[in-house]
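Asks: Below you'll find the structure I mean.
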Amino acid sequence: MESLTLQPIARVDGTINLPGSKSVSNRALLLAALASGTTVLTNLLDSDDVRHMLNALSALGVSYTLSADRTRCEITGQGGVLHAEGALELFLGNAGTAMRPLAAALCLGANDIVLTGEPRMKERPIGHLVDALRQGGAKIDYLEQENYPPLRLRGGFSGGHVEVDGSVSSQFLTALLMTAPLAPQDTTIAIKGDLVSKPYIDITLNLMKTFGVEVENQNYQRFVVKGEQQYRSPGQYLVEGDASSASYFLAAGAIKGGTVKVTGIGRNSMQGDIRFADVLEKMGATITWGDDFIACTRGELNAVDMDMNHIPDAAMTIATAALFAKGTTTLRNIYNWRVKETDRLFAMATELRKVGAEVEEGHDFIRITPPAQLQFAEIGTYNDHRMAMCFSLVALSDTPVTILDPKCTAKTFPDYFEQLARISTPA
């Protein structure tokens, strides 16, 4: 297996221009494909997950052109439902942001489509979404294990009243919301359980509005969407920088700044993960907000005990930043870490112990007490881009760290390690 050893870093200082947001990129691609008119997306993320979405749209007859660096995409919208010519199988890797929305959107109209992916994708639950789509008339079969991909979709979704469990993943609701306007009837979506990762729903609603569709949001408990609508291209659309990706650089600034500034997001960003900066501030770092940047300057860091449900992806970065804070850090209400690219609660606890931390792994929380001295370790990354990026922060000590399978960052940030090196001064 490939590995990368990071030598100790004495100081970080500089500016990072963030790649486009994964959450925004894949939503925007799908809406542009469904819309009438041509859409030019700029600052699109070039990563595995986005390539899976693009390949799927291409197989569904959507035409687009990409710039050489794959960050500008001009898409010709279909002005409605996506149709496959005959039976089709789409391979979506481990891209939840492609699997969930496509599973819903391809239940409109008459299709016969199989959605499949990597072995890990077949372990990521999709039953709550399928249940909701079936209530709206969709014909869906599980081809292997009940409640998990691969799925066979044969159209039939017509709207009406559907209930969806919101306690596992907000992507199920996102998928229903983006599909509902194209259904023949109005759709009312009622949420069962507590809705996790609410800010991701705001991204969805924001993008739908950009493409000309309004949703009635009744306090995140019920959503009412009129049927027989059409998405309309906004013409040009700039994809915000990825706020989850920003978290590693901002944390590095908090631990070993200098000052690290990330551009492409700012105080008015639609991504909930910008709230990560508030956590660093609470720990003792200094944060400066601009319209198009967030900057973090080093501070004496103290442990925090916080509910992290609103920023599940960025919260992982706090788990490794906790190694540099005084006291015991507790991250709560993060059950949905368990259904991401890997079981992130287990993975994080296991790897933090390797570098010497004392860790308590709960059902939906993690408690971390840093050691007096970090130990050198080879960090397993579980084919999870965020594990690789989180543990790069260990090098901000006087101990090197080895990251196994470093290329797994390609899911969202192919040149992450080069960017980190660019702002680092070796010890």
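These residue numbers are counts, starting from 1, taken along the chain as shown.
Every residue gets a Cβ built from N, Cα and C, even glycine.
Given the structure is predicted, the values throughout are model-derived calculations rather than measurements.
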Asks: For the phosphoenolpyruvate site, Swiss-Prot lists K22, G96, R124, Q171, R344, K411; sort out which one of R70, R222, R298, R386 goes with them.
Replies: R386
Asks: How big is the gap, in Å, between the Cα of D313 (active site, proton acceptor) and that of S170 (3-phosphoshikimate binding site), rounded to a whole number?
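Replies: Taking the Cα atoms only, D313 (active site, proton acceptor) lies 13 Å from S170 (3-phosphoshikimate binding site).
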Asks: Using Cα-Cα distances with a 10 Å cut-off, which of the binding-site residues K22, R27, S170, S197, N336 are near R344 (phosphoenolpyruvate binding site)?
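Replies: Those close enough are N336.
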Asks: For a quick check of packing: other C-beta atoms within 10 Å of the C-beta of K411 (phosphoenolpyruvate binding site), how many?
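Replies: I get 23 for this one.
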Asks: Work out the three-state DSSP category of K411 (phosphoenolpyruvate binding site).
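Replies: Note: K411 (phosphoenolpyruvate binding site) is helical by DSSP.
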Asks: Spatially, which candidate from the binding-site residues K22, R27, S170 is nearest to K411 (phosphoenolpyruvate binding site), comparing Cα atoms?
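Replies: The answer is K22.
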Asks: Counting other Cβ atoms within 10 Å of each Cβ, which of the binding-site residues K22, R27, R124, R344, R386 scores lowest?
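Replies: Lowest Cβ count within 10 Å among the binding-site residues (K22, R27, R124, R344, R386) is R124.
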